[in-house]
Amino acid sequence: MRCVHFGECGSCTLALPYEDQLNFKANFIADKFREFFDGELEIFSSKPQRYRSRAEFGIWHENDEIYYTMHGSRSKFIKISECLKVDESIAALMPRLLEELGTSNELKSKIFGVEFISTSELCAVILLYHKRLEGLEAAFSELAKRLGVKIVARSRGQKISSDERELCDSFEINGLRYALNFGDSAFIQPNKCVNEKMISWAMNAVQNAEDMLEMYCGHGNFTIPLAGKFRRVLATEISKSSIANALKNCERNGIGNIKFLRMSAEELMSAFSGERGFRRLEGVNLADFTFSHVLVDPPRAGLEASVINFIKNYENIVYISCNPQTLYENLKELSLTHKATKFAMFDQFANTNHIECGVVLKKR
């Protein structure tokens, strides 16, 4: 990776040719998890550059000029002129946005950050401010028209959108195309190519399927494509906006066998144990489901002990992890009742130390 900021920017940390990076990560995962899995590790690579469809940068003000910034490796931040990780759409947009903002005192005043999201249909730019935004609606709308993007401006307690277009991305899994709506503040997998590989791997890992229970489902990134493998799916998520988009995604993709519930993991477990009732479960009889599989895609903190004890009851577990250390700790407990039958490494973030994994566990 020939980035002019490598070594100063704290984002990319692996100064190795890409194949060597991949081998380094694969060897690390194989060694770390050898006590749980002694089969063949499946390895899924990324493009070395231009793979991120979502990226965030700080904005630095200096002598009436503004610059993009990133966290520095030896300093709090560094000014950057380019980023080789962002995809082609974002890379082309970055200098144009900076030029537009730099020529407008009202738009550059008190701005401290910017986020880019590119989809197959639309690019969105989220501008972050330390000031009130009243009276700037027209300026944001004109900026959006000049750049050909959707602008979302945010300040504490305020949000202004240049238009009402929704973010939606499409992808192909095993020959089938899907389109998913998501919110501008929702979590998404920023590496589209590797995300497709993750979903395809999970689909191919499912055998002898009946019903699926999914926790931490978001807007349906895994749920929607996997639904075709199961008779019925029950999927839970705590975010109200993500559930709203998940419901839209069912309709958009013509899928009718998923029941989405806005529930935390703790609430779901209480519902299953019968400790309390929930109005959100009206019309849903949990006893009607025959869950052959449970899919979990938790945050970096991994699964809490109560969730581990809960999912131990299921025959098959598909665990998607964004943190090898918490995955390792969770597998210490899950391996008491389940055996890892498939293990995959997904290189979501080339040139960094970040590693994502997928594990299929079957009850002993």
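Using N, Cα and C of the backbone, Cβ positions are placed for all residues, glycine too.
Using a 10 Å radius centred on the Cβ of C322 (active site, nucleophile) and all shown protein chains, the other Cβ atoms total 19. Positions annotated as active site, nucleophile by Swiss-Prot: C322.
The number of other Cβ atoms within 10 Å of the Cβ belonging to E356 (active site, proton acceptor), over all protein chains shown, comes to 23. In three-state terms derived from DSSP, E356 (active site, proton acceptor) belongs to an extended strand segment. The active site, proton acceptor annotation in Swiss-Prot covers E356.
Look at Y216 (S-adenosyl-L-methionine binding site): DSSP puts it in coil. The Cβ neighbour count for Y216 (S-adenosyl-L-methionine binding site), using a 10 Å radius over every protein chain in view, is 22. As annotated by Swiss-Prot, S-adenosyl-L-methionine binding site applies to Q189, Y216, N221, E237, D297.
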Looking at the recorded positions Y216, N221, E237, D297, C322, which ones sit with their CA no more than 10 Å from the CA of E356 (active site, proton acceptor)? C322
Rounded to an integer, what is the Cα-Cα distance in Å between D297 (S-adenosyl-L-methionine binding site) and C322 (active site, nucleophile)? 8
Secondary structure of E237 (S-adenosyl-L-methionine binding site) (DSSP, helix/strand/coil): strand
Taking DSSP three-state, what's C322 (active site, nucleophile) in: helix, strand or coil? coil
